[in-house]
Amino acid sequence: MENLEKNTKKKIKKPNNFKKNNKDKTEELKDKPTPRMFKMTPKSSKFLHQLGVTGRKHTEKPVPLNDPDYEKKIREIQAKEAKKIRSDEVVNNNSKKQNNNKQAKKKANKNKKQKGNNNNFQNNKKPENWKQKPAANNQVKAIPNSEKSTAKTAINLIIKRTFETLKQNNLIAPNLKQNPNKKDKPQQPNVAAKNNNQKEVKKPYNNFVNNQKNHNKNNAGNKGDNKQPTKPLNQSKLSKSTIVELPFTPNFTSNQPKPTQKEDSKKVKAKKAENSQPQESNKQVKKLEVKTNQQKQDQTKKKQPKENKNQQIKAVNLNNNQQKTNNNNQKNSVDKSENDNNKKKSEANQKQENLNPNNNNKKKEDSKNESNNIPLINKNISDQQIVKISNYIKDNYPVIYADLKEKNRLGFNSNLDDDKLIVYANYEAKDLELLLKKFKVVTNNIGLYEEALTHNSYANEMHLKYNYQRLEFLGDAIINKIVAEYLFNHSDSSEGEMTKDRIKIIQSNTLIKAATQLELINYIRVGEGLKIAPLSPKILEDIFEAFIGAMYLDQGEYAVRKILNDTIIGYYQKGQLTENTDYKSIFQEIIHSTGLNMKIHYERTYDRQKNLHTVSLYAGGIMYGEGKDSSTHKAEIKAAKEAISKFRGLLKLEK
């Protein structure tokens, strides 16, 4: 039965009251963009240009990620969106804050009014120092009617009281005319000083400090009373030397009652009307009092330095007399010691002169030469001249070396090597970031540049697995490629002329010149043994090629073309390159001049372990020369050099 009752109870579902969809509204919404129904919380600013801050349709154009001013533009877009759309929560919070501020201002105004009413004298609560005020008011009433206009002001009372306190504390100079006969005795100078060089100087300011301390002690017990302050214990009159111009104005009105800061507005207006007339008269009174005090002080000052000078002169004369006696005793002792030493030296020199008369003549000649060379030492060379000389040598030495080699080319001297230029490495290599700042390069991998500027000796000492040889191989190939493309695109010459121009651009002298221009030798890391010894110029070529290889891997071919256009190709365009000895073409001329139709052939091999290319030169099946180098081009030149040296005695070329 229970189951049947359960089944009979039908579940009554409440009908869902769906809203009627108006067709007109749906048609209008088709044209409008559908708003986003979820709140956007962008975690990074990189997607703000696509999504927006509020989740609604973005009205601004999107900003590309590669734009250099990406961050600035996004900030501007965010500011515009913040002005257009503000969430309801922010508006409600701002309205609450405004209401709270208004209520706080009302409370503050009420408190101010209550405080103003409490300060009135009508209330029962009396402020501090209330008993002291009627004394001042009674004094004003006692003054006759003729002086009421000036005496009512509080300024006159303050001036009089300060003047009286200054007199009591002996801070104003006494009247010298009253006691002209009395003169203070000058203090006797301390003759028996510990050190003769010390000079005693008086410190008059200390007297003022002692008087002021005593004044403060006496005033401490009389805070509540209106009586005049008692005089200090040391009431002896100050001497002329103790009168001091104070660097500040002391406040002696500490015991007097302070006027209340807030008075009734009616009283203030009444006082202003009364004080407007007597202010001018008060100013005149002040000026007269100040002038009289200044005149008295000036008279005392004129007399003061005369006495001080006389006292100082006596002390100085005594000290000077003692110093002279001490100095004379010292001189006599020094002269005796010098005479004894000179006698000993003269005896020793006479013995040596008798033994070695030839050496003495040489010493005299050397001393004459040194005396003649002294004025040259005083002629100092400026730093600017040194910089000019060093730059001229760095830039022009490779060219000078090439010119000297050309003059000896036709004679076919035995000195056919290029290793004549002497180079020294720095004891400590410079920072690579300074080098890269010249080229305005932001590196993605500094390790490549470190590898390009590490020599074998440094790698062996530090147990490194890399050096610049691998990057040199890559850089040599890149330079050949870029130079060949430049000549092919910018010249209409034949194949043979282009090869000569390419050799001219890639020759060792141009690479040395480029390396010196970039100052790569300052950044190379070398072992301790090579820091002292001179380096071969071949290192400059290798460094330049390795640096080009590192730049190609890090920045690409475009950055390499910039450097080569500024250095190697730029020299070619300006006509700064000199024709180098083309040993390969000379060898061909020698073979053709014999009249024998011999074929010239180069055989090339490569050793990967040693990173060396070996080239052997054959003519008519006979090997005439062999060369080894890290690049094939340089190995071919060395093989041609060796071949020319064998024909040197057979042919006589015209000079």
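Cβ coordinates are placed from backbone N, Cα and C, and glycine is handled just like the others.
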- Mg(2+) site partner of D542, E545 according to Swiss-Prot, chosen from E461, E472, E603, E626, is E472
- Query: With DSSP helix as H/G/I and strand as E/B, how many residues of the domain 'RNase III' (432-556) fall in helix, strand and coil?
  - Reply: 92 helix, 3 strand, 30 coil
- Task: Sort out the sequence-distant neighbours of E545 (Mg(2+) binding site) for me: same chain, 6+ apart, CB within less than 8 Å of its CB, listed by position.
- Result: L471, E472, G475, D476, I479, L511, S631
- List of residues, in chain order, with Cβ under 8 A from that of D542 (Mg(2+) binding site) and at least 6 apart: Y468, Q469, E472, S630
- Item | Any further residue of that chain within 8 Å (Cβ to the Cβ centroid of E472, D542, E545) of the recorded Mg(2+) site | Y468, Q469, L471, F473, G475, D476, E541, I543, F544, A546, G549, S630, S631
